[in-house]
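Student: Got a structure for you, written out below as structure tokens; questions coming shortly.
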Amino acid sequence: MTHCAGFRAAAVASSADLRSIGIDAELHMPLPEEIHGIVLLPEEQQLVQDLAASHPGIAWDRLIFSAKESVFKAWFPPTRQWLDFLECRISIDIPTQRFQASIRDEQAMAAKHGLSVMNGAWKADGPSGQGLLGTCITVP
């Protein structure tokens, strides 16, 4: 499930097809600067700066935040464990509108559940300041 101002969504699938689904929708606007260190790893902060310069019009920090929200929603049902924002590193593929989440696995939980790397998709509906950002991950 996900919700934000003016939008609600849910996704379902048979457990025979998927172990887990994570979806998130966010208003398409930049994150407040003061939470970057809480949500983004240093390399993700650099990625946001690089992408903002090369591909303006997308709130890349909000997109990474949304991707991490989707990761957590897909992570929790199989593991029943909390996953902190800084335990997950997001990389973004712009042409395919896909992303990859790599989980820092200090307690071997990700490896135990086959969740060390998860792949998802993203979509921006309009330029930054308008519309929504959405992300989704499915775990086969």
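Each residue, glycine too, has its Cβ placed from N, Cα and C.
Got these off TrEMBL a minute ago, pasting:
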BINDING   Thr2, His3, Asp24, Glu69, Lys73, Leu83  CoA binding site
BINDING   Asp24, Ala25, Glu26  Mg(2+) binding site
DOMAIN    20-111  domain '4'-phosphopantetheinyl transferase'
Student: Quick check for the class: what is the C-alpha distance, in angstrom and rounded, between Leu83 (CoA binding site) and Ala25 (Mg(2+) binding site)?
Tutor: 19
Student: List the Cα distance (Å, whole number) between Glu69 (CoA binding site) and Ala25 (Mg(2+) binding site).
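Tutor: Checking the Cα atoms of Glu69 (CoA binding site) and Ala25 (Mg(2+) binding site) gives a distance of 9 Å.
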Student: Can you tell me how the residues of the domain '4'-phosphopantetheinyl transferase' (20-111) break down into helix, strand and coil by DSSP?
Tutor: 46 helix, 20 strand, 26 coil
Student: Fewest other Cβ atoms within 10 Å: which of the binding-site residues His3, Lys73 wins that one? Let me know.
Tutor: His3
Student: Taking the centroid of the Cβ atoms of Asp24, Ala25, Glu26 as the Mg(2+) site, which other residues of that chain lie with their Cβ within 8 Å of it, listed in sequence order?
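Tutor: In sequence order, the nearby non-listed residues are Thr2, Cys4, Ile23, Ser66, Glu69, Ser70, Leu132, Leu133, Gly134, Thr135.
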Student: What is the separation, in Å, between the Cα atoms of Thr2 (CoA binding site) and Ala25 (Mg(2+) binding site)?
Tutor: 6
Student: Return the residue, from the listed binding-site residues Asp24, Glu69, with the maximum count of other C-beta atoms within 10 angstroms of its C-beta.
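Tutor: For the binding-site residues Asp24, Glu69, the Cβ with the most other Cβ atoms within 10 Å is Asp24.
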Student: How big is the Cα-to-Cα gap, in Å, between Ala25 (Mg(2+) binding site) and His3 (CoA binding site)?
Tutor: 6
Student: Could you give the maximum C-alpha to C-alpha distance in Å for the residues Thr2, His3, Asp24, Glu69, Lys73, Leu83 that bind CoA per the record?
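Tutor: With Thr2, His3, Asp24, Glu69, Lys73, Leu83 as the binding residues for CoA, the largest Cα distance is 20 Å.
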